[in-house]
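**Q** First the structure, then my questions, so here it is.
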Amino acid sequence: MRLQLFLGVFSVCALAFSPVADGCGPGRGYGKRRPPKKLTPLALKQFSPNVAEKTLGASGRYEGKITRNSERFKELTPNYNPDIIFKDEENTGADRLMTQRCKDKLNALAISVMNMWPGVNLRVTEGWDEDGHHSEDSLHYEGRAVDITTSDRDRNKYAMLARLAVEAGFDWVYYESKGHVHCSVKSEHSVAAKTGGCFPGNSLVTLEGGAKKLMCDLRPGERILASSGSDGSGEPLYSEVVTFLDRQPDAHKTFYTLGTARGANLTLTAAHLLFATDAADCSRSALKEAFASDVRPGQCVLTYGQGDEEQEEEEEREEGTQTRKGGVRRGHLTRVTWVEVREGRGAFAPLTRHGTLVVDDVLASCYAAVDQQWLAHWALGPLRALHSLAGSAFGPGTGTHWYARLLHWVGSVLLDPSHFHPWWKIGTI
Ligand SMILES: *[C@@H]1O[C@H](CO)[C@@H](O)[C@H](O)[C@H]1NC(C)=O
């Protein structure tokens, strides 16, 4: 059951991220064209997956109504896809508003509808509902559900339309009535949480010699600036990228950006770990792992090699300390001055041999979800060993996040729940 569920989630990801590709690198293209698959229409009143809509195996729990005045209204984005007909009977454009995930699935479905029935388009009869026309706790109130038909309103097509919606990656599809199909998706942050922690594709890592490389171009076997030991207080060194715990070049995610006083700005997902001090104690001994979403202005992080080297050398002489070790500059404790939440593209989680890495000139962890660097590093020991035996023969690969589950499981056996990122406390499958 668990395995099935896992494979289900995995294939949804693979589907979800296949339609779009830009950004860096080939990203895709190493897939062969799949043989046409036999598609079975849904029966009237059938839903897929075969669990209740608002459970974890489907679209997850209802999180509250979104109105035009609510803070969460910004989570909704309009869909202007010209291949989709919006009924818009309210004449407010509300049917076009939906979450990014809902939009991605709908756009994928629009393409399969045109392929299946040339000359026919996907039609949306209900999207986001601000007028309370649906039952209590309907996902329409959150922009996470759509009711659909085909543009020719041929009811004989709706059973197959429901199947196409399942294939397009909707998290729950219900052939609700002879007149329409209902589809819904998980909330954005529950999806983000499941992928553990990641950096966007346009973040930069530092190679030996100081050159910078885009995260999306990084490959296993390359050595990048990191810190020794499995915590932030170690010495700087170059650590080999063993594998990617997560690699989804086309994913859209919500990221936290932490801006620092030295101009280095680190961008990463909420549940990812980095090393920060308390606001009150900005000293190296106070560095410890923290979730990105818990770091506040005033806390210090370790930054590397930003800006004026002369001043740094001056400081070195004054301090009388050796700040260069093996040719690598030591990090500076630097105050975080601002925090922002933004959308970004790509989700990359490289695993280095030392469990740390410097991204955008700021020291971060390779791990996420559980605020215990030692535990994560220990739990993934076998994986690092496997990869060092096999070399980097695995290639970059794409889209795994099973490690976050593994960690979650190990953590749930060994740790108090307070060590989990809040998103992981809601529960996982
Ligand atoms: C970091 O953000 C600040 C403020 O937005 C900007 O001025 C600075 O150029 C950014 N630094 C880098 C390295 O992009």
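Yeah, the Cβs are placed from backbone N, Cα and C, and that goes for glycine too.
Bear in mind that the values here come from a model prediction, so they are computed numbers and not experimental data.
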**Q** Determine which of Glu90, Glu167 appears in TrEMBL for the same Ca(2+) 2 site as Glu126, Asp129, Asp131.
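**A** Record source TrEMBL; matching candidate: Glu90.
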**Q** To which of the recorded positions Glu90, Asp129, Asp131, Asp246 does the lowest count of other Cβ atoms within 10 Å belong?
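**A** With the recorded positions Glu90, Asp129, Asp131, Asp246, fewest surrounding Cβ atoms within 10 Å: Asp131.
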**Q** Going by Cα-Cα distance, which of the binding-site residues (Glu90, Asp95, Thr125, Asp147) sits nearest to Asp131 (Ca(2+) 2 binding site)?
**A** Glu90
**Q** Could you tell me the C-alpha distance between Glu90 (Ca(2+) 1 binding site) and Asp129 (Ca(2+) 2 binding site) in angstrom, no decimals?
**A** 10
**Q** Using the CB centroid of Glu90, Glu126, Asp129, Asp131 as the Ca(2+) 2 site centre, which other residues of the same chain sit with their CB within 8 A?
**A** Glu89, Ala94, Asp95, Gly127, Trp128, Glu130, His133, His134, His140
**Q** Including all protein chains shown, what's the count of other C-beta atoms within 10 A of the C-beta of His182 (Zn(2+) binding site)?
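**A** By my count, 24.
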**Q** Please identify, among the recorded positions Glu89, Thr125, Asp246, the one with the smallest Cα-Cα distance to Asp147 (Zn(2+) binding site).
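**A** Considering only the listed recorded positions, the nearest one is Thr125.
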**Q** Hey, does DSSP put His140 (Zn(2+) binding site) in a helix, a strand, or just coil?
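**A** Reduced to three states, the DSSP call for His140 (Zn(2+) binding site) is helix.
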